[in-house]
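Enquirer: Feature list, courtesy of Swiss-Prot:
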type     : residues : note
ACT_SITE : Asp72    : active site, proton acceptor
ACT_SITE : Asp141   : active site, for ring-opening step
ACT_SITE : His143   : active site, proton acceptor
ACT_SITE : Glu148   : active site, for ring-opening step
SITE     : Ser151   : site 'Part of the allosteric site'
SITE     : Arg158   : site 'Part of the allosteric site'
SITE     : Lys160   : site 'Part of the allosteric site'
SITE     : Thr161   : site 'Part of the allosteric site'
SITE     : Tyr254   : site 'Part of the allosteric site'
Amino acid sequence: MRLIIEPDYDKLSTWAADYVIERIHKAAPTAEKPFVLGLPTGSSPIGMYRELVKACKEGCISFRHVITFNMDEYVGLATEHPESYHSFMHRHLFDHIDILPQNIHILNGNAPDLTAECDAYERAIEAAGGIDLFIGGIGPDGHIAFNEPGSSLTSRTRIKTLTTDTVLANSRFFDNDTNQVPKRALTVGVGTIMDAREVMILVNGHTKARALREAVEGAVSQMWTITALQLHRQSIIVCDEAACVELKVGTYNYFKDIERNNL
């Protein structure tokens, strides 16, 4: 596992966007062999998306041969609702880059058969050749996607009931009214994420400090699903200084030292 520690959120976002661009360029995707990208929502990736949009508009990167799969979507929230993840992704990324509409994949939380929708999503990922780079964020309780504490570390795409903590955290997007927040979601599983050839997680702010500590220094546990990343063959956590306040001094200094030429 790599840990990239940047001074602040803006620097974190720029580093993450530059890494995505680098990986796409290195893959040199074509229509026959596209680059497959897993994408998150929430507040953490917004800065990265802003930088990717800027790079695309400046001609530094093209998404024409990129296929995307989003991590999750609320159940029962209309696609056109401003807080649906469909709306979020189009607002922050898809409407501003040259990605082909048919290459965008987001779970349908209003599907008549939600289990069938989840199974079809897994098959679509497999048919695309698997995910080259899965990007994600984490919650204060260490959940990745909507894999709440207690989720199986081998889980696949499925329906999940959200914890009270997650509902409270997400209520900031719903006028701080928990009654408006959907209580269920469709989400890729921990196993789905771990199948990606590479995983990059964005962690910012002091509210994520304990989760980062568990991710880097804690034992692998289903109670902190982010800890599964320790077992991944190629994983990166990109964080800011505020998220590092609970790391041991030795841990912090170690990663600052070995990554000093990559910041």
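Cβ coordinates come from backbone N, Cα and C, glycine included.
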Enquirer: Of Asp72, Asp141, His143, Glu148, which active-site residues come within 10 Å of Thr161 (site 'Part of the allosteric site'), going by C-alpha to C-alpha distance?
Expert: Glu148
Enquirer: Where does Tyr254 (site 'Part of the allosteric site') sit in the DSSP three-state scheme?
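Expert: DSSP call for Tyr254 (site 'Part of the allosteric site'): helix.
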Enquirer: At a 10 A cut-off on CB-CB distances, which of the recorded sites Ser151, Thr161 has the highest count?
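Expert: Compared across Ser151, Thr161, the most Cβ atoms within 10 Å surround Ser151.
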Enquirer: Looking only at Cβ atoms, how many others are within 10 Å of the one on Arg158 (site 'Part of the allosteric site')?
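Expert: The answer is 21.
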Enquirer: Cβ distance under 8 Å to Lys160 (site 'Part of the allosteric site'), same chain, sequence separation 6 or more: which residues?
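Expert: Lys160 (site 'Part of the allosteric site') has long-range Cβ partners Phe146, Asn147, Glu148, Ser151, Arg184, Ala185, Leu186, Thr187.
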Enquirer: Cα-Cα, whole number of Å: Tyr254 (site 'Part of the allosteric site') versus Asp141 (active site, for ring-opening step)?
Expert: 25
Enquirer: Based on Cα distances to Arg158 (site 'Part of the allosteric site'), point out the closest of the active-site residues Asp72, Asp141, His143.
Expert: Asp72
Enquirer: Determine, to the nearest whole angstrom, how far the Cα atom of Asp72 (active site, proton acceptor) is from the Cα atom of Asp141 (active site, for ring-opening step).
Expert: 17
